[in-house]
Structure formats: C-alpha cells, structure tokens
Amino acid sequence: MGSGARFPSGTLRVRWLLLLGLVGPVLGAARPGFQQTSHLSSYEIITPWRLTRERREAPRPYSKQVSYVIQAEGKEHIIHLERNKDLLPEDFVVYTYNKEGTLITDHPNIQNHCHYRGYVEGVHNSSIALSDCFGLRGLLHLENASYGIEPLQNSSHFEHIIYRMDDVYKEPLKCGVSNKDIEKETAKDEEEEPPSMTQLLRRRRAVLPQTRYVELFIVVDKERYDMMGRNQTAVREEMILLANYLDSMYIMLNIRIVLVGLEIWTNGNLINIVGGAGDVLGNFVQWREKFLITRRRHDSAQLVLKKGFGGTAGMAFVGTVCSRSHAGGINVFGQITVETFASIVAHELGHNLGMNHDDGRDCSCGAKSCIMNSGASGSRNFSSCSAEDFEKLTLNKGGNCLLNIPKPDEAYSAPSCGNKLVDAGEECDCGTPKECELDPCCEGSTCKLKSFAECAYGDCCKDCRFLPGGTLCRGKTSECDVPEYCNGSSQFCQPDVFIQNGYPCQNNKAYCYNGMCQYYDAQCQVIFGSKAKAAPKDCFIEVNSKGDRFGNCGFSGNEYKKCATGNALCGKLQCENVQEIPVFGIVPAIIQTPSRGTKCWGVDFQLGSDVPDPGMVNEGTKCGAGKICRNFQCVDASVLNYDCDVQKKCHGHGVCNSNKNCHCENGWAPPNCETKGYGGSVDSGPTYNEMNTALRDGLLVFFFLIVPLIVCAIFIFIKRDQLWRSYFRKKRSQTYESDGKNQANPSRQPGSVPRHVSPVTPPREVPIYANRFAVPTYAAKQPQQFPSRPPPPQPKVSSQGNLIPARPAPAPPLYSSLT
C-alpha cells in the first residue's frame, strides 16, 4: 500500500482536511457525521463489493462464507470471510434485571450470527475480524498495518470509511511505569529493526503448539448500558463483536476466545464503583466469586464500565485466569470505538493470562507498539515477551482450565467439522486434513472416533483409551489442595476442588484460602528466597503507616492509603533475614527500613497502575487470632464462612472441600469417611485403580505362592538323585529294624525255629551286629543280670560249610536275681 498509489474512482481520500475545516465542500452529500470521524486524523470512503460466481452482486449478509472486494490506500484487496463458529456456545446466556431487581435469564437464538473471521488474499499472515450485521465493521490486520472499517452513517449506497488504526486519536492513559523506562524502550526500538510478523508467528507457534480456550464472561455496567440507549440487543451485539476482535488477536498465540455469557446491569450496578480502580476491581472479583461463578462456569470475567479512573484504562490480576477468586479485570469503555476498546480488554485479559508489561524488556511484535505495552497504545499484536510469559504460566500449571476444549453442549450448534472444536453431533475434531493425519483416534472427514477408539482428547485419554479409574490427573499443589482422579469412563478430569476456605494449616498458624496455605513466611520466601521470614509487627506498623508506594493499604482514589495500626499487617509485605535479591525478569524496587535493631525489607514491582501489587500481603493471610486479611483490612475469619465440623461430618477421618463435601483420608471411604475405603471424595473421582489392584493381587500370588513352588520344584529336580538314595536308604533301614523285631518276638515265629540262637553259628537270616546278640523275651521284664563267672571261650569254627547240630540245643539257663 504505497503512498503513491493512484486512487480509483468511487474512493475518496481524506487526509488532514479535517484539521483545516475543508472536509465539507469536498465530501458533499457523502459527508460522514462529525462525531463518527472526530477521533480520526485520516480516513477513506469506499464502497465494498461482495463476490460471487458472477464476481459482484449486492450485499447479502448471514452467509456461512462470503468474500468482498475493498480498497485501501489506492490498492484493491479481496477478503475471504467465514462465520466464526467457535465464538459463541450453544447455551450462550444473557443475564439482565427487571425493575424489581429480579434476575432474568435469556438464551437468545444466535446460531446464524453475523460475525466473521478471515484473511486477505495474497497477504501472508493476514487476519480479519468483521461483522456484516449492518454493513462491514471490524479490523483488518495486514503484514505491517492494521485497518478499521465501519459503515458510513446515513449512506444509502453501502459506503464505508476505512482508516489506519495508527490514525485513531487516543487519550493518554496513566501507567505506573516511569517515563524514563518508556523513553529507554522507545530509543531501543528505534535502534533495532524488529523481526517480521512471519518470524514472530513461527516463533510463537513453536512455543505454543497446543490450542488453549478462554471461556470469557463479560459484565456491562449500568452507565454503559444507558450510554447505548438502554438497548439490550445493541449491547449484546457490541459485546459479541468485541469477543470476535479478541479472538482475532489471541489466535496469534494459539489461544481461542469463546464468549460463554453476558450480564447487563440494567437496573443498577451490583457493586460499588466509587473509589479507585483497585477498589472497584476488588469489589468486582468478590461479587464474581459469590454470585457469578455459581451461575455460569467460565475462566475469566471482564467488567465493562463507562466510568474512568483518571486516565487508567483498566486493571486486572496477573496469572489468575483459572482462579475462583481473582480471575477478573475491569475495563473503561468511554468515548472510544469498540475496535480501540478491544485492545484494552486484550491487555487486561493478558494480565489474567500471566502477561506482564513489555516496558523495559527486550520485546518485539512486528509493530511500533504491542498489546502489553503499558501505554495501551491500541496495538493488535502480542510481543515475544507476552508469548514467553504465557508459556511460563502454562509450565507452572497456572492455566489448566484453558485445556478444557468446549464440550458439545458448549460449542456452537451449527456443525462444522474441522474447526478443532467438538460441536454438537461430533465425537472429536482434529482440525484440518493435514492435522488429522497425525491424530490416531479421530476420523478427520467425519469428526467421529475411529472404530477402536474410546476417546481422542482430554486429560484422562491416552492412546485413544480412557485412563482407568483412579489415575491421577490433577495433582495436589499444596497442603490446602486435594488431588483429582480419572473416573474410568470419561476423557475429562474431575473439576478442580480444594480444601474449604478457613481450614487451619501450617500447624494451626494459618488458614487455607483458595487452595493455598497463606502465611507471611511463605510469601517472603517466594520473593526473597528460602531463608527469608516475616519481619516483626513493628516493621509493618512503621512502614505501612506512611502511605507511599513502599508502605500502604491500597489506594483511595488515585492516592496511596495509609494503614491504620490494626490493618498494618495487611498492607505491604515486610520481611527480614533477606540473603537473596529477587530475579523476576523485571527490575523491582527494593527498600530497607531500619526498625528496632532489624531491617525491614519491602518491594515494589512497578507493574503499572492496572496491575495489583504482588508485594502486598496476600488475601487470606492470618493477621491475628481468628482474623485474616481481606481488602487490606484485618477482619474476622468468619467472613470465610467455614462451617465444617470434621469430627461429626467426616468422623475425624477427612476434611471438607470447597464444595463442602468430605475428602477422606486413605483407608476411609466417601461420602462421610465412616467405613473403610480408599480415600477421596465424591468430587475427586475414585482414588484407587481397579486394574492396578488386580495387578497387585496377581503379583502377590505370584511372588508368595507360585515363585516358592517353582523354587522348590527346581531344588527337588537338582537334588533328585541324592534325595532318591536317601529315601531308599531310609526305607531299607526301616525294613531291617522291622525284621529284627520280628525275630525277637517268639509268638510270631514258626514252631521249627529254636527259641535260642546258638552263639557258635547264628542263622543266616539273622543279621549279625558287632558285640550284639539277640535278647530273649520273658514274661516279666527283669533287670539285666550278669553271671558270676565269665562265659567259656567259643570254639573255633572250621570252614567246612554250615554245621547242623546232632541234637537240639539245651534250654537256656535260668538265673535268679543277683544278691
């Protein structure tokens, strides 16, 4: 789009004529309203044409796909658009209030909405976010420039104005970063040539290969509703358009924005918006936690206000996108276009996603400024630093909720296989045909599971199969958290729960608060290293009573607020025993304050006026007996509404979780921890793995029964010969003994056998043992008697065979007892 290009007929170039007051005679009947162009330094008037097979025809909205020819800076471009099916879920909900303050719930039929995304033909890495509800309105991002387009007011010929986003006047916005840092960054940008958008996109895709999904909820305050003429439909369409713009920006980081709900405060604001931005942000996230999150599940909520805060465009918590208590931000939507406002919301939502300001860092985005620049310059590009910050969030498990692909009942109802969202009627969606080549579970052409697959995605899906029940899918992160397990029949992990707020932790020195045990020492160690600890109370009182950037209890309007003595422990964190200087990727300001023999260490991160200071004492920290810090005040811990009697409700074998259900210790079964079991709760999923239990039992049987039997069999086989010989030796020995007993028992011998064995030649069948003779049996056992003289010598026996006596042997002599 060179400046020397010739303008075609029908396209009027208007540059700087507004400043000279000459625009009236030039534009004639086509003159736009002054209010429509008062914020522009330059613009063109064009007439887009819709393309069909016949090349051109009159505009006809609400098509699924459409192409237009537009002209900008003398050059004709063809843009191709496709309805953004991922933008709105089937159960998109709008909350409003009647005059009595009663909540009204509406599910508008918006399946055939008119919000599109697309690209410019022939322009690499271009992107478009447009609506054609009442003409073309939206953003076009080309290689090196971004353009806005909107219908020309009161035109009957489909005329539009198109302008560079750099030509939009912007109100200077206050930021906490000093001008010196901004000038230093500007000088650095001028010296170094930034990389091309192609290089940046390639780098980001390498860093963020997995698509994340932010389920966004938007709340519009009463003043902004009044500003829109109290037209609920107009507010709704404007916020849907805003979400479409956000989606076109975040898609560069492989992040998709899904608008899941909208609430319009039609009958009055439901929070106090008096005070500074920090006060309003605190009020909003408290209202969100108490009322909104119970009505509609979402990852982040953004409040849209008409009221300004002295030049501060918005404010949000950093890295809290999945938090129940802090995943929110506030955004000022005053006299600016929705295109410009989109960059503000993208900036504040970026803080929720863990992104810090780019100021003072070596960041590039292919443009003069980036979305996360503290000046809220209206940029459409995220920087390399933002991609790195978001990567850190995901690596630290801070964005687990973003991995939840919208379920079929939460996806846009019009089926569109290939958009990587599981729409109604689909079982999976692997994306483009090329992407589906790498998916082993999903049929890309039908978005159905393959015949052997049970699932295709989710924390509890592996190798196209459900992980067995009891498989850990979300681990315990602190002593105030509880783990979650797969249930064996779903690819999704159980919803994240934690121990109920107010439960004692750290040996009763602190309370659980939103899944973390909040106490001073732990916060000091996070900032100043493992040796640091909380400073004495006198440090808190002395420093926080000053009411400056290093010691305060928040803001009162645009000024720091001094801490009352009773609230000093809930202001700026004060530590001692500091031996390490923190390294955060940014340069914080550290201050030492001597106090009664010690040094009080405090820190100011200088993140800007739109970011809460992480150097303040964490909410939920115990500041006294039965008290906690809340909104920079030391209040009674009863505000946590802890009502769990673990002895009665959980029978002393568990704790209550954030859903007020018992989470049982190992060995006890939910729901009341009264009977034996495997622990867990009705919310956590089964804590034991049935397959693992069967495997365990099988291993026990194998090692304690089968293995010993096998060892015995091997031993017997090896020693078989020795055992066999031992067996027969014992058998033979038993036989000999039996025979000897039979010979000694006359009642069992035949009559031909003599009753006394001759000492000269014993029978052959009777074994001869050395120095042993057969002892005759008598009717009554007598003590052994010995003769008074030795027996006669035995005669020698010749070797002439066995001798047979001529007459029977004489009967044995009878001996009387020895006297």
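Cβ coordinates come from backbone N, Cα and C, glycine included.
For reference, Swiss-Prot has these:
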COMPBIAS  735-750  compositional bias 'Polar residues'
DISULFID  C322-C401  disulfide bond
DISULFID  C363-C385  disulfide bond
DISULFID  C365-C370  disulfide bond
DISULFID  C473-C493  disulfide bond
DISULFID  C644-C656  disulfide bond
DISULFID  C650-C662  disulfide bond
DISULFID  C664-C673  disulfide bond
DOMAIN    414-501  domain 'Disintegrin'
MOD_RES   S758  phosphoserine
SIGNAL    1-28  signal peptide
Looking at the disulfide-bonded residues C365, C473, C493, which ones sit with their CA no more than 10 Å from the CA of C662 (disulfide bond)?
none
Three-state secondary structure of C401 (disulfide bond) from DSSP?
helix
CA-CA, which of the disulfide-bonded residues C365, C385, C473, C644 lies nearest C322 (disulfide bond)?
C473
Which ones, of the disulfide-bonded residues C365, C385, C656, have a Cα no more than 10 Å from the Cα of C673 (disulfide bond)?
none
Helix, strand or coil: which one is C385 (disulfide bond) in, per DSSP?
helix
Would you identify the secondary structure of C673 (disulfide bond) according to DSSP, in three states?
coil
By CA-CA distance, flag whichever of C365, C385, C493, C656 among the disulfide-bonded residues is nearest to C401 (disulfide bond).
C493
Note down the number of other Cβ atoms within 10 Å of the Cβ of C644 (disulfide bond), including every protein chain shown.
19
Could you check which of the disulfide-bonded residues (C363, C365, C385, C644) sits closest to C493 (disulfide bond), going Cα to Cα?
C644
List every residue in the same chain as C370 (disulfide bond), at least 6 positions away in sequence, whose Cβ is under 8 Å from its Cβ.
D358, C363, S364, S379, N381, F382, S383, C385, S386
Sort the disulfide-bonded residues C365, C473, C664 by C-alpha distance from C644 (disulfide bond) and give me just the closest.
C664
Distance [Cα-Cα, Å, rounded] between C656 (disulfide bond) and C650 (disulfide bond):
8
For C662 (disulfide bond), name the DSSP secondary structure in the helix/strand/coil scheme.
strand
Which disulfide-bonded residues from the set C473, C650, C664 come within 10 angstroms of C365 (disulfide bond), judged by C-alpha positions?
none
Would you mind splitting the domain 'Disintegrin' (414-501) into helix, strand and coil residue counts from DSSP?
4 helix, 16 strand, 68 coil
Those residues of the chain, 6+ apart, with a Cβ under 8 Å from that of C650 (disulfide bond):
C644, C656, C662, C664, N672, C673
Going by DSSP, give the three-state secondary structure for C650 (disulfide bond).
coil
